[in-house]
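Worksheet: one structure, shown below.
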Amino acid sequence: MATLLDQLSAMTVVVADTGDLEAIRKFTPRDATTNPSLILAAAQIPAYQSLIDEALRSSRKLIGDAAPVEDVVHEALDEISVIFGKEILKIVPRRVSTEVDARLSYDTDATIEKGRKLIRLYNDAGISNDRVLIKIASTWEGIKAAEVLEKEGIHCNLTLLFGFGQAVACAEAGVTLVSPFVGRILDWYKADTGRDSYPGPEDPGVISVTRIFNYYKTYGYKTEVMGASFRNLDEITELAGCDLLTISPKLLDQLRESDASLSQKLDATNPSGGEEQIHVDRERFDAMMAADRMATDKLGEGIKGFSKAIETLEHQLAHRLAELEGGEAFRHAVQEIFMLNDMNGDGCITRDEWLGSDAVFDALDLDHDGRLTPEEVRKGFGAALTLTTA
């Protein structure tokens, strides 16, 4: 009998939400997505150290021996994203998503320039535009940047999408793909209402993606919908038929191990809802975001989390560059990661405190108890971690 993964793949493009090349080979998805948190997690795997070193050496050579470490690391971030992307494209038949620095999320011009640079690096490596999606946060500034890039033939994936206003603005901008975050929407509602769980059809994240999908298909928008950030199998199966679903290796394993029957829930040829079409300009976008506390909270939180992941990766790259060049290593990088995330200082990090991505949290949470201990973080990042107390 066909597995849940086989059945889902027959009606939806399954995308691997990971930077781990071995996990991608294992599940043979058609696309793959990356972000700074996933690259950070992959960078801890010894097998990929040569890719990191390649990027650092290339960046040093590009900007010169006299350049400060910070400049080399900044250049290497783009190189690393593209190097991992190139390796992923050797495995998946379609596309990889590579993310713009989240710290540029409110700067249209800087986002445009970064998108152009990333696609140029791919082009220089012989990768055509149609195999790459540039991931940009769904701020108004990010959406406007994507609109410009799309007109230049650079395809974009608008991420950190939580509100309907964001979705409509993205479609009107003609972006290639949007990534509404199912699980993070659920997290917010659980925290806000005090409910422990929601049945699949009542899951707020599922309802949000279903609404966006049906709206796009009803009014003929070409923008693809890729549900992301899943917490459980019910969320995934309730969105069977969505254009794409990007799924972590942990949940892909569960899908592959189940032979339960799957029915299609979303149908592009027969969308439901009949919602009135609207136009979203800057004023309406701001008004819709202001009226949607969940979308505002989660967008800001997501940008902050991805920004922190980039900063952590920068620390680790500086450490490695110092090792490669015979300099002094950064011995406190992992301690800084822990102290930064341990908001209440109780010696552990909960999922709510964690500023990075869910995929990294899951990878570090070795005993799957929903709490990261210093030992788990030490093992996960491969560095000594010493906590000091007042």
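Using N, Cα and C of the backbone, Cβ positions are placed for all residues, glycine too.
Per Swiss-Prot, the features are:
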ACT_SITE  Lys135  active site, schiff-base intermediate with substrate
DOMAIN    329-364  domain 'EF-hand 1'
BINDING   Asp342, Asn344, Asp346, Cys348, Glu353  Ca(2+) 1 binding site
DOMAIN    365-388  domain 'EF-hand 2'
BINDING   Asp365, Asp367, Asp369, Arg371, Glu376  Ca(2+) 2 binding site
Asp346 (Ca(2+) 1 binding site) versus binding-site residues Asp369, Arg371, Glu376 - nearest by Cα: Arg371
Chain residues in Cβ proximity to the domain 'EF-hand 1' (329-364) (below 8 Å; excluding those fewer than six residues from its ends, i.e. six or more beyond): 17-18, 35, 37-38, 40-41, 183-184, 187, 191, 229, 248, 250, 304-306, 308-309, 312, 315-316, 318-319, 322-323, 370-374, 376-378, 380-381, 383-387
Around the Cβ of Arg371 (Ca(2+) 2 binding site), the count of other Cβ atoms that are within 10 Å: 16
Helix, strand and coil counts within the domain 'EF-hand 1' (329-364) (DSSP): 16 helix, 2 strand, 18 coil
Assigned element (helix, strand, coil) containing Glu376 (Ca(2+) 2 binding site), judged by DSSP: helix
Spatial neighbour of Glu353 (Ca(2+) 1 binding site) that is closest, considering only the binding-site residues Asp367, Asp369, Arg371, Glu376 and their CA atoms: Arg371
DSSP three-state assignment for Arg371 (Ca(2+) 2 binding site): strand
Rounded inter-Cα distance in Å - Asn344 (Ca(2+) 1 binding site), Arg371 (Ca(2+) 2 binding site): 13
The residue listed as 'active site, schiff-base intermediate with substrate' - helix vs strand vs coil (DSSP): strand
Listed in sequence order, residues not in Asp342, Asn344, Asp346, Cys348, Glu353 with Cβ within 8 Å of the centre of the Ca(2+) 1 site Cβ atoms: Asn341, Met343, Gly345, Gly347, Ile349, Thr350
Cβ neighbours of Asp346 (Ca(2+) 1 binding site) where a neighbour is any other Cβ within 10 Å: 10
